[in-house]
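*Asks:* Take a look at what TrEMBL says about it:
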| type | residues | note |
| --- | --- | --- |
| TRANSMEM | B:21-44 | transmembrane segment |
| TRANSMEM | B:56-89 | transmembrane segment |
| TRANSMEM | B:101-122 | transmembrane segment |
| TRANSMEM | B:128-150 | transmembrane segment |
| TRANSMEM | B:162-189 | transmembrane segment |
| TRANSMEM | B:218-238 | transmembrane segment |
| TRANSMEM | B:259-289 | transmembrane segment |
| TRANSMEM | B:301-320 | transmembrane segment |
Amino acid sequence: MKRLIACAAALAMLAAPGAWAQNFDDPEEFAKQREQLAMTPMGPEGMPWEQYLEDTMADTAQHAKEGPYTVCFSNAGVNNPWRVVGWNNMQAEVELHPEIAELVHVDAEGSDDKQIADISDLLAGGNCDILIVSPNTTAALTPAVERACEQLPVIVFDRGVNTDCPVTFIHPVGGYGFGIQGAEFVAENVEAGANVLMLRILPGVDVLETRYSAGRRIFEEAGINIAGAEFTDGDNAKTKSIVEDYIARGQIDAVWMDAGATAVAAIEAFEDSGLEVPVFVGEDQQDFLQKWQELGLTAIAPTYPTYQWRTPIIAAVRILEGEEVPGPEWVLPQPAITADNLDQYINEGMPPLHYAMCGCEEMPGYPERWGGR
Amino acid sequence: MSDAMLATRRSRIRFETIAPAVILLGAVAIYIGVVIASGQARYLSLENLVGVFNRSIALAITAIGQTFVILVASIDLSVAALISASAVLASVVMGGEPAMIVPAIAAVLVLGAIVGLANGLVVTKLEVNPLIATLGMALIIQGCLSAFVSNFAGSVPKDFQFFAYGIAFGLPVSLIFIGLLALLSWFVLRFTRFGANIYSVGGNREAARFAGIKTARVVIAAHVISSLCAATAGLYLASRLGSGAPWIGRDGMYDLESIAVVVIGGTVLAGGRGGIWGTIAGVLIFALIDSLFNIVGVDAFAKQVLRGVIIIAAVGFYAVRSQRMAA
Amino acid sequence: MSSETQDLNAVRARRRLPRINPIWFVLAALIVAIIVYNPNFVQPVGYMNFLKRAAPLAILAAGQIYVIVSGGFDLSVGSTITLTVIGSSMLLNNNPDATWWVILLMYAMGLAIGLTNGLVVSILKVPSLIATLGMMITLSGLALMWSGGAPRGYLPESFRYFGRANITDLPLINILPISLIVLAVVVCLLWWLMHRTNYGRLVHAVGDNPRAAVLAGVPLMRVRVSAFVISSLTAVTAGILLGGFAGVSTDVGRGFELQAITAAVLGGAQLLGGRGSVSATIAGALTLTAIFTLLNFVGLPQPVREVVQGLILISAVAYAMYRRRHAVH
């Protein structure tokens, strides 16, 4: 009883103010990203990690400095395969730049509190010429990044911060774009009124919430019936179980996922039930791409490219040399893998959760550094 | 009989103050050695050492509370969830308004007291194993919290960030707060009747009951203290992060880490032996290790392995030593 | 019939009635509820899928109960599952010929983990909660170090057979998942060991009163260590089934340690030792899986599931304690 009262009291207090929820369904941002997907990128052909979609430049003359440079990097963590691939990209990119003497790397292991401490340690150490931050969360890291900006040039990538003090914020088109690419493909390949199952990892993660809201918006516009939206925790066994349950209850014409790490488990649920695999939205993980080719699926793989981990190093060197870089936002192109270019991304020597859109094939140490053969 | 008990009690107390100190000294020695060997002597400045401890404020607050529960032979796994809930509650109630700071703090402390009371009652009156009771409580709190918030919610006013970032008398406010909290806890445990009761209840609950101590009240009070500390840690994190999110307690692993720190500090899981200074030493050991890993650049996965081994080794060292002393 | 025998019969009946562990009634009620929500559940595919999903947890819980009855906890099983899946995929890397020796190697690894846990607890006298917590952190770190943070390598079908394949076209039940056969074999073995051998009595004795057990000549250390070994070996088995069911990922085992303990508690096991039964623990594992399945069908969001799980956990233990108190008096 006490527990109930405690619970109720806490909830009552929480529910009172009510207006704090972040907006993950912003029609303006949706429209902007939809536009960006269609743009032709500027910059060198075939090197998307150096390309950019918005044509504003940040002046960096004030940061020009003699080399060699010490680049410091505060990483939110390498707690998922996407970040592992990205971190390998970044280390390989550093090897391409002799003007970088050292990359000082601190890993916050997914904790905001620790990342704030890490950044202040890096600043106190006083060795850094430039600071790269991949924030664990946007809101919590903003003050720490602001303090860092007062001392040295800062580059932020992947998730953003609520301040424009960094020299540039590097990111691909974004979550809405990811959601749009997958959902539009589904809408083109099924009839109106078809049943789509939406599989999500976790609630509350900004980059994932926007993917979902964009997907949902497009399905609703196209008159596609959302049979269900379920959280899988990124867990293979749970994903397979959920899909099996949906199969048992009725027809599924398409599966949309906000991230593809468990895509193969979802496909296997159809295989093991002896059913045809429906229209499928995955991501650029090797295991999904190989399964797609093997079964000849009608599928698409939107990407949140890991090559964006190369760009901060490129930007760091340019900034310290006083060259201009795209800023205050460096928007990278965000291509999707389709049936037309599937072949060029498949490499059976790479591990199952290697992200094919890594832009790393020509880099030092490929493929061993990424766990391949 | 009572003389003999007193004697063993005294020798145990001495050993308990020594063992964590020995481990701490070892950690400090390794730290200094590594820092000098890697030619990064600048990490030895006082400022940096303050910074090292400053990493672990939330853990320290939580662990001080956890010490009380473990001393009465209970345990509190609900602290991580409560930290998240408190941080969110604080930042939502404040909503950026300086005027709401006091009501928010009050609300958080009330929440802490209620949770602690519930934990204590379930453990004592329903006789549920404390591990299960507080684990269940953790699930309930986390569930209630996640049902309403899924991201950072609300914000704390600039004034409130003084708790985490302010400087007074040349020291971080948070550090002074920890010092005072530790002193207060030490005083309570060492010099008050309540403190003595905690040791008696933890040492032998039946004997304490026969001696006329209301054991249930002592256990409930320990749980309330633990929850109040966790709620305070939530306030600290809200102040530090500028807002609260439903995952900050869980991601910080404050439940398991606070237990590990208390045990490394020489407080015995079976209750009745240990104290606050051991816990503070335990927190310092963790903070030093953390900082050392950063300096040397150990990768995140190796860090985890080392942490696991260190927990076992430290507790093993302590347990084996104390066995020999007792024998 | 005389009134005396009537009384005796009544006493007997009263005594016999509570002997059926109430968890079976709970399980039955939950299954009825599932059938109401999803009539397909009575089809072989429905309940076989359910049992297939429950198999890893049931096996794991049946191992955990040995440690619990002997007076400890084993928190390292989740990480052992992860290490098994990651290790197998790294060593196999789609090479079916290596399946058997990799499985053997994984059991050897499980043996080593269990021995280490047991020896740390019984020689270093580290409380099992801390010892296995340290082991949990160490093992998941090792799994990440070994794989570099993301799965490497694929599991061939020969390995996945145990967790994924079904025997089809059977009369009556239509399909029979291989994992269910594994479950049956493991459970029978563990049930027999716990309830029909001298060893099982020793495990109970050690957990009930270690001092008395030592005085009675029970080899305390050997019994404790072997309980941890059994738990680790079941974790390897659960890992093989889970890897087979759903493939490789770096967090397959996450949360399984608490689920296994919950299952044991639901089955009426007494924490800190002395009491527990393998069959009731299996019922506990099935109940837990049934609860999750039901909440899924009802369509409750994840947070509500957590609250429900928390309430069930506390009430199960509170109820058991209540029964125990009233049984004594």
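Cβ coordinates are placed from backbone N, Cα and C, and glycine is handled just like the others.
Because the structure is a prediction, the values reported are computed rather than measured.
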*Asks:* For the transmembrane segment (B:259-289) and the transmembrane segment (B:218-238), decide whether they are in contact, meaning at least 3 CB pairs lie under 8 A, counting pairs 6 or more apart in sequence.
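*Replies:* Counting Cβ pairs under 8 Å, fewer than 3, so no.
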*Asks:* Between the stretches B:21-44, B:56-89, B:128-150, B:162-189, B:218-238, which wins on the count of C-beta pairs under 8 angstroms to the transmembrane segment (B:301-320)?
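*Replies:* By Cβ pairs under 8 Å, B:21-44 leads among B:21-44, B:56-89, B:128-150, B:162-189, B:218-238.
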*Asks:* Quick test of the contact rule: Cβ under 8 Å, at least six residues beyond the ends. What residues does that give for the transmembrane segment (B:162-189)?
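*Replies:* For the transmembrane segment (B:162-189), the far contacts come to 50, 53-54, 57, 60-61, 64, 67-68, 71, 195, 198-199, 229, 235-236, 239-240, 275-277, 280.
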*Asks:* If we skip the immediate neighbours and take only residues 6+ beyond the ends of the transmembrane segment (B:21-44), which ones have a Cβ under 8 Å from one of its Cβ atoms?
*Replies:* 264, 281, 284-285, 288-289, 291-292, 295-296, 314, 317-318
*Asks:* I need to check the long-range neighbours of the transmembrane segment (B:218-238): which residues 6 or more away from its ends have a CB within less than 8 Å of a CB in the stretch?
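*Replies:* Tertiary neighbours of the transmembrane segment (B:218-238) are 57-59, 61-62, 64-66, 68-69, 71-72, 74, 76, 78-79, 82-91, 94, 105, 108-109, 111-113, 115-117, 119-121, 123-124, 156, 160, 163-164, 174, 181, 194, 197-198, 201, 208, 244, 248-249, 252, 254.
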